[in-house]
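Straight from Swiss-Prot, the features:
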type	residues	note
ACT_SITE	10	active site
BINDING	95, 96, 97, 98, 99, 100, 101, 102, 103, 104, 105	ATP binding site
ACT_SITE	136	active site
REGION	289-313	region 'Disordered'
COMPBIAS	292-304	compositional bias 'Low complexity'
């Protein structure tokens, strides 16, 4: 069986970080929303035994068993006693290590495809498996925008209206941020007294005044260029701009699709004029994760379109 789906990117509209726990993780309260931007994940499940293979065309450094999507497939096979060969192909559109959840979303997409192909309906077991793979993976198995608590495993549905965004990803390697570093910098800032701990609060109805990210200040302190990118977004008309997750991607919220498109073009023009090494992406939040669909060849898709267009109206 061959299945395809979109693995959506996400942004954190709210990210509040509690103190470090005994297990080394932090308690979180975060509002995550999926985007209409993401990777295309193609999963083939053979009827015969065999290995897991994962390829990312154009990104050979992401091929192989260390890709989180491949690790998700291996974990699924172990958990549910499956030995069938699995082939994964990812068309990468979400920037890597960007605070947009690309790898976690790919992993969740693989779990959803395998669950459908092999008729696994144990949602609790899938959710537990997702958390073993990564803290953000359970969110991408969920229904859509959600408040996440704990490590990210306690999810509650959130109502978020469609938001038009411009994302700016600094491709300069010197601005890359590892998630572990971002949390460590926050712990150090709090220990020194330069950043006071926040109360996590309770999930509530989304409103723009909630927008915020506890990791932003310590990351900007170490990577001042991020502040300039936030300034680009505000200067282009964003009503607000923050860093997503552990960064380094920043995003701005705009009053409509037209305003966002104009801002993206303006920021791209600035990038060509000197702010080199940035990727500018236009996106909109969505209210549910994409469905898993059977794979169809481009030829069969075009023939269906031709048949539809030839019908009398």
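Cβ coordinates are placed from backbone N, Cα and C, and glycine is handled just like the others.
Checking the binding-site residues (95, 97, 101, 105) against residue 136 (active site) with a 10 Å Cα-Cα cut-off leaves 101, 105.
Of all the binding-site residues listed (95, 99, 101, 103), 95 has the fewest other CB atoms within 10 A of its CB. Its Cβ taken as reference, residue 97 (ATP binding site) is surrounded by 16 other Cβ atoms within 10 Å in the chains shown. Counting every protein chain shown, 30 other Cβ atoms lie within 10 Å of the Cβ of residue 105 (ATP binding site).
Residue 10 (active site) and residue 97 (ATP binding site) are 13 Å apart (CA-CA, integer value). Shown in sequence order, 32, 33, 34, 35, 100, 101, 105, 136, 139, 140, 244, 245 are the residues of the chain, 6+ apart in sequence, with a C-beta less than 8 angstroms from the C-beta of residue 10 (active site). For the recorded ATP site, residues 95, 96, 97, 98, 99, 100, 101, 102, 103, 104, 105 set the reference point as the centre of their Cβ atoms, and the other residues of that chain within 8 Å of it by Cβ are 9, 94.
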